[in-house]
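Everything below concerns the one structure shown next.
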Amino acid sequence: MSSTSNSRRGIGLMRLGGYGAAGSANALGHTLVPMLLLYFLTEYVHLEPWLAGIILAAPKFWDVLVDMPIGRYSDQLALRAGGRLRVCIWSGLALMVLLPLTFFHPPLTSKPLLVAYYVLVQILQATCYTVSGVTFLALAGDLAADSNQRNKLLTTGNLGAALTAIALVVCVPSLVRLGGGGERGYLSMTLVVVLAMAFMYSWFYSAVRNTPVQAAALSQSSAEMSLRDGIAAVLRHRAFVVLVIVIIALGTAGGCMNSLMAYENQYLLGRRAEDLFLLAGPVLIGSLLGLPLAVPVLRRLGDNGTLRIGFLVTVAAFIGYWAGLASGLIPVVMVAGAIYGIICSVAGVALTAAVLDTVKSAKGGPSLGLYLGMFMSAQKLGMSLGGVVSGGLLSLIGYQAGSPATVELHHRIAALGLLGPLLPLLIACVAIWMFGVYSEPRLTDNNPADSCAETF
């Protein structure tokens, strides 16, 4: 069947639901680490904040070296395995095994051995997440007949991830308490999450396993291009490199927000550190509400317009969110957080679409897996930098585990909550304007009439 015919028929709710389930499973596998691991390491494993920050960062710096080769290898592996779907499922199963090990406190008395254990688990988890993420994003192009269908798949995947993140924020405190609290509660909670991941991956596989992929979705010649030539070609692609800078900056901002959230909850609002719904809930709900807007906004403004306007509004919304948090004005936190989430969800789909469109413009170049490997590396490097920055700033202000809540500590935590995320957000704003200079006119394979006629 031709692409035009596929576009007219629509993408199908079964395929959309399956792709959304995979987005949910991926979120279950990686959301808890940036949200709670820094706190777990400092409060229960009793590591210094700077050392815990290094544990979060060290594997991601490893990712910088290996994610591009891993992305390229994922394409080669998919060619041998008969498609990307099997690679995505097997890497997802590995994530299910590694998640409980992330929040397991081994009975080691040596601090260097403890650090080595957590670094090793994080390296394995990050590597599996790269393979899973690369194949998951590439499948959006494989399963869609045109860019409009692809954007719908991306939006549905983000929708599944957003719903999952909200569910985790709401349920994690109860799961930890039901599991006995403390280290045991964290481990029990991860086992429940693993069961949910198994269900979601099963749904994904059953929904898309018989779906035909687009012609030439996997290119033998691109996959076999030498790694050295491929990396050189990627680095010469200026528009893509600028997008990588944007992704790193956004990841750093998000990593700072996630890593500091438990401390802000405890010392600014006087709540239990794990009860994060008041801080994260408005952002996550806003992200959920914003996703249905992504496809129509992208149709109207395009990738560049959506990103340029969206990032400016994101900065303003974040400042409002922080101001409400620092002053204890909960309604301001909720409204600004919801706006921040709405804009971030739309901009997130636009950024992924911009990456795929930019890669598509480089015909005859490296494999898609190589580009997406660098994309995943940039995401994880940014999140890691957020953890490093957060841990370093906490050490800089002299924070110690179990520190009493004082006015001075309140002001210092509030200052960290502003400066940590704001500076990388401003860098992202500058970089996205540079992207408009380097990017080529967007290539579109949609028939406008078909796009307008097709419903979500």
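In case you wondered, yes, glycine gets a Cβ from its N, Cα and C as well.
Bear in mind that the values here come from a model prediction, so they are computed numbers and not experimental data.
Taken from TrEMBL as is:
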- 21-41: transmembrane segment (TRANSMEM)
- 47-66: transmembrane segment (TRANSMEM)
- 87-104: transmembrane segment (TRANSMEM)
- 116-139: transmembrane segment (TRANSMEM)
- 159-179: transmembrane segment (TRANSMEM)
- 185-204: transmembrane segment (TRANSMEM)
- 240-261: transmembrane segment (TRANSMEM)
- 276-298: transmembrane segment (TRANSMEM)
- 305-323: transmembrane segment (TRANSMEM)
- 329-356: transmembrane segment (TRANSMEM)
- 368-401: transmembrane segment (TRANSMEM)
- 413-435: transmembrane segment (TRANSMEM)
Legend entry - Proximity of the transmembrane segment (368-401) to the transmembrane segment (240-261), 3+ C-beta pairs under 8 angstroms: yes
Legend entry - Dominant neighbour of the transmembrane segment (305-323) in 87-104, 185-204, 276-298, 329-356, by Cβ pairs under 8 Å: 329-356
Legend entry - Top Cβ-contact partner of the transmembrane segment (240-261) among 87-104, 185-204, 276-298, 329-356 (pairs under 8 Å): 329-356
Legend entry - Range from 87-104, 276-298, 329-356 with most C-beta pairs under 8 A to the transmembrane segment (185-204): 87-104
